[in-house]
Amino acid sequence: MHWSFILVFAVLATLIFIAEVSPLEPSGSNTCTKSVSYTKTQTVTYIVSASKSYTTWCASLPPRCTKYRTYYYTKSRIESNTEQKIVRYCCSGYLQEDDHCTPICTSSCNNQGTCVSPNICDCNAGWMGSTCSTKCPEGRYGKGCSNKCVCKNGATCNKVDGSCLCTSGWQGSNCGSKCNEGRFGQNCTQSCKCKNGAKCNAVDGSCDCPPGYKGKTCEELCGNGKWGKSCFQNCSCMNGAKCLSATGQCICTPGWQGSNCDSKCDEGRFGQSCSESCKCKNGAQCNAVDGSCDCPPGYKGKTTRLFIDAKSGKLLVRERTSILTLLESVKRNGVICRRFVM
Ligand SMILES: *[C@@H]1O[C@H](CO)[C@@H](O)[C@H](O)[C@H]1NC(C)=O
Ligand SMILES: *[C@@H]1O[C@H](CO)[C@@H](O)[C@H](O)[C@H]1NC(C)=O
């Protein structure tokens, strides 16, 4: 038997790639291309024709003739070819993420900075430096630290948005205004407690007392013979006079005059500020305190006198002479008059 094979064609080839699943190629920016060779394996199906001999009667007589009959059948074989193809890949310095290429920053970008090209960080507002780990320098804020802070009076400038955190005693968007009257502290949120018209320190709320007052909130008068700013001055008032805390002015007790109240009323005057005139007749002496007239004739010279005790302000009776024998004692106009045996 004789067989002959003729390869006819391979148009019915079914390509079956056996190569492993090729990776997803990146697209968009920062992609590079290269040519790569790869092995393409496919199963090629082809049709083969063959002829087979057979014998038949040539002319209905022996000998019989040999004849050939052609028939077709399909065969397949596996073919491997090395081919070239262009593939996209992420350029140097970029890393593929899904189907796009992202830049690689070897030292990562801190504080939410973004890696925008290989080893280049785009820093957030308030940060600078190659890895965004340096705060904006003093007086600067914002993206790239390119804005100038406008905060005043020691306020802290927010490096991100430039807003000002005022120190105590200041307010306003740039902290350029003092707290309003009666307010103090951070953001001027606290109320002053100063009394008697004292000025309040806007920073710490301390009170600057006016003359004549003392205490934390200036609630107390000086007292203790003191007057003036910080109650530093000594009062010089005499004879029981009252000393005004604010000015040191002396308010004399009746019968006394002068800035220190160290002078008796002039002859013929009595009372508060020596403002009243004596009404005593017949040459009787007038009491400077209450205007009472001195003892009548016959008692003269042997009388008691009234004094105001400088400390207590009390009316005192004191005898001028005590070695004589008391003969009579009368009260006249509030004055005790005594007659003595001479
Ligand atoms: C002052 O205001 C700032 C900004 O509003 C705030 O952060 C801060 O806590 C405030 N301080 C006080 C003591 O109220
Ligand atoms: C007040 O008096 C005291 C004691 O006499 C004295 O030490 C002080 O210096 C005086 N102060 C003034 C301001 O004169």
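Glycine is treated like the rest: Cβ placed from N, Cα and C.
Taken from TrEMBL, the feature signal peptide covers 1-23. Residues annotated as domain 'EMI' in TrEMBL: 28-103. If you look up TrEMBL, you'll see 102-133, 184-219, 227-262 marked as domain 'EGF-like'. Sequence annotations record features per position, and here TrEMBL assigns disulfide bond to C105-C115, C123-C132, C209-C218, C252-C261.
Note: the Cα of C132 (disulfide bond) and the Cα of C261 (disulfide bond) are spaced 80 Å from each other. Taking the Cα of C115 (disulfide bond) as the reference point, the closest of the disulfide-bonded residues C123, C209, C218, C252, C261 is C123. Residues in the domain 'EGF-like' (184-219) partition by DSSP class (helix H, G, I; strand E, B; coil) as 3 helix, 9 strand, 24 coil.
C105 (disulfide bond) is 13 Å away from C123 (disulfide bond) when you measure Cα to Cα.
In the predicted structure, the domain 'EGF-like' (184-219) carries a mean pLDDT of 95. Taken residue by residue, the domain 'EGF-like' (102-133) breaks down under DSSP into 0 helix, 11 strand, 21 coil.
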